[in-house]
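Going by Swiss-Prot, these are the annotated features:
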BINDING   82, 192  substrate binding site
MOD_RES   1  N-acetylmethionine
REGION    58-178  region '2 X approximate tandem repeats'
REPEAT    58-115  repeat '1'
REPEAT    118-178  repeat '2'
């Protein structure tokens, strides 16, 4: 493909993408395929000779689209949203064209410097404390990670290195292995599974703190666990507080947990993967109160801030905590400015070496939507969630299982877990809308999350009528 054909095919692809998104609600939101459907549709090995673009694009509809779960459909109400916007897609195209691997300032100055500025822009939108901003000469700063899972792992590994060095400075006879076997980290029992995985990868105990009646981690439960573990000779060093849990969008109490972490010299990491986007709205910013106690903070613009995956924003108060844990300087990566104090080499802030020019997406989206446009997007989703909540409350057969704070509604039929499992199977088998469940204590609960950029009140109303009809059918069968 030469430049001339690329121009022509590129315009065709833009038309295809625009048509796909404009007509997405006419497609089944959940694919009607079985595991292994794709392999018989394609050859068993790559072609020896080039194939035509026409053949490839024809196979998109024949092979790929039948197996796609359409996350951007206005009838997709599962998981959490994946952000999507035309400015972000255009920026991703440019990112692919530039195709730099921005592991250091020298590898691509613009890639590095735009990321630093965009994380400061976003930090100011969230009204983060100045300590988290790079500014002109700040000690903290932001970095784009691939996911919240990566951010949690990076924070845990940095905290682990920091506590080991602190203890060895006080007691040089202590070995790293002796310290490691006593380290213990904490999170709520509502924390995402990636938090437990970070403990597994980091080789440390991860203890889950029982949450309260609102599914939040509180000071009393954390303090009890700390005292018990210290009495047993363990070394508490790391706490993950979740703002907007995956199950039900509950919020750990930063104002309670934060001071304990500071008093005990434990690293506090905040995981706000989903909810963090909402903090750009003044009416939701109070949910972040207590962030000043944290050592690191993370959320995913790629969930709710119209920036396509992947883009997970992470800030730290002390950049040296990350650099101290990850810095390696082989001669082939060194450059003349690295010790100047004027630049950032992001390879020392993350686990991989390579990194894409992801800040372009943020730059395009922030400029083309503006803060007000992004706030309007958040507020629309929250309003639609409350609309769905109101519909559920009007039907006495159903119950709301958790206060609706942002864009997630947790609900269920009154009755057994089996009844609700049957209802969910009916919903997803019909493929008109897509939902996923959660467990809240011993209850099987349905999650209804407003996800699509294109979702409107009509889609919510249609989804509710569909759920009600299926519920009536399930209840009739139960009584039969």
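Any Cβ shown, glycine's included, is placed from N, Cα and C.
These numbers come from a predicted model, not from an experiment.
The helix, strand and coil residue counts that DSSP assigns across the region '2 X approximate tandem repeats' (58-178) are 69 helix, 6 strand, 46 coil. Taking Cβ-Cβ distances under 8 Å and a sequence separation of 6 or more, the neighbours of the residue listed as 'N-acetylmethionine' in its chain are 9, 53. Of all Cβ atoms in the protein chains displayed, 17 besides its own lie within 10 Å of the Cβ of residue 82 (substrate binding site).
Taking the region '2 X approximate tandem repeats' (58-178) as a whole, pLDDT averages 91 in the prediction.
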